[in-house]
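These notes concern the structure reproduced below.
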């Protein structure tokens with residue numbers, strides 16, 4: 001055979017052309033190509049270029065034959081097909097929807113009832129300023145008390161003491177702490193404690209809420225105790241302390257009408273109105289009062305400055321008439337442009353130590369251009385006198401706030417055209 005074209009230089013030609021004829025008979029057992037018409041030698045061009053080669057087909061597994069009809073009834077199915085009518089499925093879905101709706105309605109009703117019960121409990125233990133105290137028993141002397149118990153009479157205080165209600169009774173000191181302490185040790189209402197003004201305000205500015213909280217807790221003040229404050233007849237120190245307590249979030253604060261002189265007057269008629277001397281006994285326990293900043297009772301310089309353009313508030317100056325007009329000596333006095341002047345002696349009769357009647361207060365505020373439908377800003381030089389005007393406005397259903405910076409801050413920070421001095425044109 002001629003195999004020159006398929007040989008390589010390194011392979012012997014005799015090795016390539018040698019054919020073992022003894023094994024020729026076994027070729028048919030391994031040959032998978034139909035050799036009819038095929039060449040006797042291996043020609044790759046011939047083998048791979050023939051597209052009509054017939055390869056022996058491999059055996060394909062046949063599909064199992066179905067069992068005879070007689071055996072089909074004895075065979076068990078390998079799965080179950082559950083068919084439900086569409087009508088029963090729709091009824092079931094409807095029932096589930098109704099059940100879920102009922103559960104949601106019950107949950108909403110439970111939540112509403114829970115909130116109502118919680119609000120009632122809170123109203124009982126922490127009555128708001130718009131609700132009367134549950135321990136108030138109206139008497140003939142209580143007719144002068146305000147609707148919110150901002151002011152209580154000596155008779156009412158005696159009732160609370162005799163029934164052993166939870167009270168925190170304080171005597172408000174003046175700026176002269178030493179004189180106030182000496183006067184307190186000389187005589188004060190039984191079970192009262194001295195409330196130092198220096199622990200309420202620094203240079204007419206309220207102390208930090210946390211500082212006030214720490215101080216009042218050391219005096220045994222709780223969130224749910226009834227705080228009652230009086231002074232020795234000046235009233236402005238007690239009203240300032242009431243404002244501080246309300247500013248820092250206490251819910252039950254009242255002023256004792258008449259102060260210590262009114263209590264001693266009642267003592268002359270009945271020995272039950274007792275007084276005592278000496279220092280107050282030490283506090284046995286710390287209070288749990290939590291202070292906060294109540295914006296409804298205070299206003300700042302920026303708010304007052306914006307109000308000069310917006311006119312959202314009426315402004316009241318609580319200084320004396322000479323101070324308001326700038327004619328008083330000793331300092332640079334004047335008032336904020338647009339403010340009306342209501343001195344403290346226009347609302348409180350110091351000759352008898354009582355407020356003027358409600359009808360007189362209404363006329364005073366009306367002549368000053370005030371209306372209960374508009375909020376009021378009150379200021380003076382130290383906030384002490386402002387607190388008395390603020391308190392009287394609250395008793396007449398006014399929304400009043402104190403600008404504690406007052407005239408000293410305004411005269412320094414405000415532009416000149418908003419300051420009315422003695423030499424300023426009207």
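Cβ coordinates come from backbone N, Cα and C, glycine included.
Quick caveat, the model's predicted, so the values are computed rather than measured.
Residues annotated as domain 'Rhodanese' in TrEMBL: 184-268 (among others).
Residues annotated as domain 'Rhodanese' in TrEMBL: 309-412 (among others). Using DSSP to sort the residues of the domain 'Rhodanese' (309-412) gives these counts of helix, strand and coil: 39 helix, 20 strand, 45 coil.
Annotated region 'Disordered' per TrEMBL: 127-146 (among others), in sequence order.
Residues or ranges marked as region 'Disordered' by TrEMBL: 268-288 (among others). If one looks beyond the region 'Disordered' (268-288) by at least 6 residues along the same chain, the residues whose Cβ comes under 8 Å of a Cβ in the stretch are 154, 158, 162, 184-190, 192-194, 216-223, 225.
Residues annotated as transmembrane segment in TrEMBL: 97-117.
Along the domain 'Rhodanese' (309-412), the predicted structure has mean pLDDT 96. According to DSSP, the domain 'Rhodanese' (184-268) comprises 37 helix, 18 strand, 30 coil.
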